[in-house]
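See below for the structure under consideration.
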Amino acid sequence: MAANNLRHALFCAIVTLIISFPILGLNLEAKGINITLTGAKTSTYVAIVLAAVVVFVFQIFRDSFMGVLGKLPNLNPLAGREPMEQSKRVKLESWILTGIVIFALFWPFLVSRGSVDLATLVLIYIMLALGLNVVVGLAGLLDLGYVAFYAVGAYTFALLSQYTGISFWMALPIGALLAGLTGMILGFPVLRLRGDYLAIVTLGFGEIIRILLNNWTTLTGGPNGIGGIPDPTLFGMEFGRRVKEEGNTSFHETFGIAYASEHKIIFLYLIALVLAVITALIIRRFMRMPVGRAWEALREDEIAARSLGLSRTAVKLSAFTIGAFFAGFAGTVFASKQGFISPESFVFLESAIILAIVVLGGMGSQLGVILAAIAVTILPELAREFSEYRMLIFGAAMVLMMVWRPQGLLPMRRIHIKLNRQE
Amino acid sequence: MSMLVLENVHTHYGKIEALHGVSVEVNRGEIVSLIGANGAGKTTLLMTVCGTPQASSGRIILQGRDITHEPTAQIMRSGLAIVPEGRRIFSGLTVEENLHMGGFFNTKSEIRKSQAHVYELFPRLKERENQRAGTMSGGEQQMLAIGRALMSRPNMMILDEPSLGLAPLVIKQIFEIIGQLRDEGITVFLVEQNAHQALNLADRGYVLETGKIRLHDTGKNLLENPDVQNAYLGG
């Protein structure tokens with residue numbers, strides 16, 4: 001065992017040297033037309049050797065390190081606690097959710113403009129994560145191209161507003177429906193796929209949409225994106241200083257208050273909040289309906305679910321469509337918030353982040369997903385001072401999270417359905 | 001009157017033919033056993049009845065209706081229930097929820113009735129009502145799989161190797177239950193490697209060998225048939 005450890009540690013240290021020496025220790029310098037190879041400062045070499053020593057020591061004592069990590073949950077005072085009774089838990093959860101919503105309603109009036117803007121982004125991610133939660137958490141279909149539906153929603157609004165001058169409120173259902181339709185169309189070819197294969201095909205689909213948007217320059221403007229997307233209005237009242245569209249009035253004049261740029265931001269935030277709450281409520285409803293149980297049955301055991309007469313096609317398509325629908329919802333809000341969109345906003349990293357939110361939150365659990373969305377969006381902002389290291393911190397946080405709580409922040413506890421036996 | 005008829009059914013997996021023209025008839029109220037060695041095509045035959053994969057030629061008729069080209073979901077909702085090989089219960093759900101999944105397309109009052117009936121047949125399941133199904137023993141899981149299949153109030157039940165991996169005492173119990181199902185008027189099509197018990201219980205039996213029906217007789221005659229004894233009953 002010890003010899004084995006030593007050999008492994010030596011190997012790791014050597015790999016560290018091999019990797020870091022050429023990257024950090026050698027510099028290419030352009031001198032005229034020639035490129036010369038120069039060494040780095042002595043301190044860099046010392047650092048490389050030190051790093052190798054650290055790796056070596058860590059690998060030798062790895063088992064005890066990891067052992068300590070594994071024991072940490074015992075320090076958590078809540079770990080050994082009996083799970084709460086179902087009725088109590090459901091009640092507590094809805095109280096917490098109501099509390100969060102009420103707090104969220106008043107929050108924009110207390111804080112700075114930047115915070116409200118960030119909070120709107122958080123709400124958009126909550127919508128996205130709740131939608132993806134249906135596909136990945138409940139139906140168990142690993143979708144790596146979820147951002148495509150987000151893009152469909154956003155581009156629907158942007159293009160329609162550019163070519164037909166449609167308003168936000170008209171675009172919202174159209175964007176969501178179109179995204180849902182796209183979800184259904186994608187659903188057909190991937191019905192037979194499972195696991196890894198499904199993930200790869202959805203990943204490809206996400207890229208197809210992005211590349212299409214990038215290259216169809218005549219329609220989408222390509223990498224230049226689309227600007228001038230209108231802000232939402234409140235019953236025909238605009239939030240700008242001057243009214244842009246004929247027939248509209250402006251918010252501050254109607255109510256006789258001074259113009260403030262915050263009004264628009266707060267209004268957008270409130271729209272996003274209402275839509276996020278609606279998303280959560282509708283999906284909660286779905287989870288308790290037969291279709292929700294069918295999703296879970298299919299996730300648990302596809303053959304068994306089919307043997308009971310469930311149609312694989314209908315169940316999978318419904319999950320895909322509903323998930324995509326809410327991504328379209330979020331996309332429309334996003335387009336309106338930014339006022340400008342380009343394919344750059346819909347890269348694979350977005351899909352990965354949304355998926356990370358669902359996994360971190362605990363697959364299938366709504367409250368968990370909401371908390372994770374808040375954490376994942378705000379964490380990089382808080383760590384902005386570390387600038388280039390923030391993604392590193394983000395990654396480390398994820399790794400630690402998976403070691404400690406592989407089941408997510410708040411793993412899903414199923415609502416046990418009972419029939420009352422009277423009668 | 002026949003419940004299920006297979007007429008000269010061929011089934012392919014890609015280019016490979018797994019069933020070479022199989023004809024089987026199951027009459028209403030019978031227990032019919034299908035025995036055969038590993039790889040003879042027993043499970044393929046059952047799956048073909050369920051529509052996954054679909055037969056490439058021949059006809060399958062369930063209760064007078066041609067179901068050869070119907071999708072699986074539709075077949076499984078027309079009075080047929082299957083207890084799949086390896087039980088395949090929903091291990092994360094409780095026993096009760098598993099049963100409710102079995103009655104997915106029924107009304108609440110129907111579910112309540114069938115649930116009471118299943119608990120009557122398997123008092124053990126009633127005791128474990130709120131337990132996660134995956135935490136039960138193999139025998140209990142098999143009972144749950146049968147109970148779940150019963151929840152849709154089928155006229156015919158197909159069982160794929162219900163004795164797989166169970167203790168002899170539990171197997172005996174399961175076979176008793178299967179006999180009971182017949183007494184309730186459910187037609188049973190039983191696929192087994194455990195040939196002795198399966199033929200003992202069955203009214204009639206079929207022997208499947210490399211995708212073809214080799215023999216077909218009453219259960220009793222098959223038990224006494226020297227060829228069957230040699231090949232499947234350990235001589």
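Glycine too: its Cβ is placed from the backbone N, Cα and C atoms.
Just so you know, TrEMBL annotations never went through curation; they're auto-generated.
The transmembrane segment annotation in TrEMBL covers A:6-30, A:42-61, A:94-111, A:118-138, A:144-161, A:168-191, A:265-283, A:317-335, A:347-380, A:386-404.
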Stretch-level contact, the transmembrane segment (A:347-380) and the transmembrane segment (A:118-138), CB cutoff 8 A, at least 3 pairs: yes
Beyond the flanks of the transmembrane segment (A:265-283) by at least 6 residues, Cβ under 8 Å: 97, 101, 104-105, 108-109, 113, 116-117, 119-120, 123-124, 126-127, 130-131, 133-134, 172, 231-232, 234, 239, 251, 322, 326, 329-330, 333, 336-337, 366, 370
Non-local residues, at least 6 beyond the ends, that sit with Cβ under 8 Å of the transmembrane segment (A:94-111): 119, 265-266, 269-270, 273, 277, 280, 367, 370
Cβ contacts the transmembrane segment (A:317-335)/the transmembrane segment (A:42-61), at least three under 8 Å, sequence gap 6 or more: no
Spatial neighbours of the transmembrane segment (A:118-138) far in sequence, C-beta under 8 Å, 6+ residues away: 104, 107-108, 146, 149-150, 265, 268-269, 272-273, 275-276, 279-280, 283, 286-287, 292, 295-296, 299, 319-320, 322-327, 329-330, 333-334, 337, 353-355, 357-359, 361, 363-366, 369-370, 372-374, 376-378, 381, 412
Per Cβ pairs under 8 Å, the stretch of A:42-61, A:168-191, A:386-404 packing most closely against the transmembrane segment (A:144-161): A:168-191
